[in-house]
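What TrEMBL lists as transmembrane segment is 13-33, 45-67, 87-105, 168-186, 198-216, 222-247.
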Amino acid sequence: MHPVLIQIGPLTLHSYGFMIAVGFLLGMFLASREARLQNEYPERIMDLCFYLVLVGALASRVPYVIFNWHEFAGNPVDIIKIWKGGLVFYGGFIGALGVFAFFVKKYSMDAWKTIDILAPSVALGHAFGRIGCFCAGCCYGRPTDLPWAVTFTNQQCLAPLNIPLHPTQLYSSLGLFCIFALLFFIVRPRKTFHGQVFWTYILVYAIFRFCIEFLRGDDRGAYFLGLLSPSQTAAVVLVVLAVVFLLKLRKRKIA
């Protein structure tokens, strides 16, 4: 809709980058607050958040570039322009997990307890990121004649112009805000084992993402068996993992 939020001379503030920053700051504040309440070294949590976002942003760019190489072949420098949009959640998720594993091992932190602290913040930050997607025009939906369809007209948008589309970015953002509320206000206060908040997030988001994929209109990459997009295939795997870990970890009740 509005890829550029503010432009003053040569200085440009992109809406996508701004929303990512808002989500990061709110998520970091929330995670730090939760760590303080649980006596879990809030300074380390803030450091961890910084590295997770940095590596996650870089890793989330890789799948987008691979699946949309035709957009970058003529001008590879555009690969680094992540503030304009074009990040893939699952790519960032894998990269962030690697950083998380290294960090908690280095500082001898309880992995499941720590990741439970972070999970609501990730959902919240992701929700704001999807608003950024809407502003940039990436991750757009299929054409539709529904009354709430959106039509992109800005030449700088990544979405097709002048065609009513499903606002899948806003669907995703609304869903993620709901997931955040579920995790923070319902699951977190009632959790009975460490890892419960995180794997509940993975389970619910994967199911939600699987469904949203049917409405996406951008290039989804090669389909698995001609049926499932890469994101849907990843969602199926994550649902299975989430169920397995929830059943396994529930035996380790918090004393």
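Including glycine, each Cβ sits where the backbone N, Cα and C put it.
Highlighted: of the candidate stretches 13-33, 87-105, 168-186, 87-105 has the greatest count of Cβ pairs under 8 Å to the transmembrane segment (45-67). When Cβ-Cβ distances below 8 Å are used as the criterion, the transmembrane segment (168-186) is approached by residues 30, 119-120, 123-124, 126-128, 130-131, 133-134, 138-141, 150, 197, 200-201, 204-205, 208-209, 212, 215-217 of the same chain, each at least six residues removed from its ends.
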